[in-house]
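According to TrEMBL, the protein carries these features:
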BINDING   Arg59, Gln77, Arg82  substrate binding site
ACT_SITE  His155  active site
ACT_SITE  Glu259  active site
Amino acid sequence: MATTAAAMAATSVVVLDRGNNTTCTINLHGATVVSWRVNNQEQLFVSKLASFDGKKAIRGGIPFVFPQFGAWSFGPQHGFARITRWHLERAPDRLHNGDVEAIFSLMDNEFTRSIWNYQFRITYRLILREKELHFHIGVYNPSKELSFSFNMLLHTYLKVPDVRRCQITGLHGCHFIDKTRENALYQEGREVVTVNEWTDRIYQHTPQEHVITNVVSGRKMRLHKYNFPDTVIWNPWIDRSREMSDFGDDEFPNMLCVEAGNVTSPVILLPGTAFEASQILQIIIEGNVSRKTKRNR
Ligand code: BG6
């Protein structure tokens, strides 16, 4: 593609265009994926009240949570990566098979060191396929002496017609911390999880795959993850929606957060070592899945 990294980085958004009205838009503020359209159908929820002022985290899409999940005595909730401007390392580039790739990076700077005094380098590689979006993350510790520990999570807001009709697989038998019940620990007894009230749970040691039913157009979405042992399920429901200035009171039925991450046991990165994790979001086209997945690998 003709656009250079420098020209794109001058603006705030980067667009991957796969053709057939299949695009992915990333805002450099937080390297937040703010749109993923497949054949012109938006798959991600972004609030109508989301702020794009480059200060607050963007309410919706896929914010990048690092190096802290949740409240943090040193800095902002969910860390600084989602409120820092990232660098476009490689502008969108078409691969031989027609897929489109772009790479973003974030390094420590004066701002990050004022909160968390460690050197680090993150690379975030996104690949847009016909019906899939791939996320590959690398974190490197360039220090010669200091180790650091961190949480990381992809805070995916799925767009759904009615959250009450969604089912999430893969959580049966998993232990979870229920943030709506003073962080008590429970074990999931349901085959599939549904959301019918304020929900804020950190499921631990979850399998590599979840399927979420009744997303856009009544389809199913597969979330495949590697090196992300936890899955957070969140919906603020009515009362908590009212408390958020950047979220409409009536929007909660149209979103479901399924968030893959390292939350309950932080990752410890020794000097000179790297950590890798990835996620794939895939729209399931009934009857055609295994063939397509195989061909794409
Ligand atoms: C979820 C947390 O991941 O993010 C919730 O489990 C939190 O507790 C939610 O409310 C949204 O967080 P924020 O900082 O974007 O309002």
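Positions of Cβ are set from backbone N, Cα and C atoms, glycine also.
Remark: Arg59 (substrate binding site) has Val46, Ser47, Leu49, Ala50, Ser51, Met244, Asp246, Phe247 as non-local neighbours, by Cβ distance under 8 Å and separation of at least 6 in sequence. Applying an 8 A CB threshold to same-chain residues 6+ apart, the list for Glu259 (active site) reads Val65, Leu153, Leu154, His155, Thr156, Thr231, Val232, Ile233, Trp234. Comparing the recorded positions Gln77, Arg82, His155 on other C-beta atoms within 10 angstroms of each C-beta gives the minimum for Gln77. In sequence order, Lys56, Ala57, Ile58, Pro63, Val65, Pro76, His78, Ile83, His155 are the residues of the same chain, not among Arg59, Gln77, Arg82, whose CB sits within 8 A of the CB centroid for the substrate site.
According to DSSP, Arg59 (substrate binding site) sits in a coil region rather than a helix or strand.
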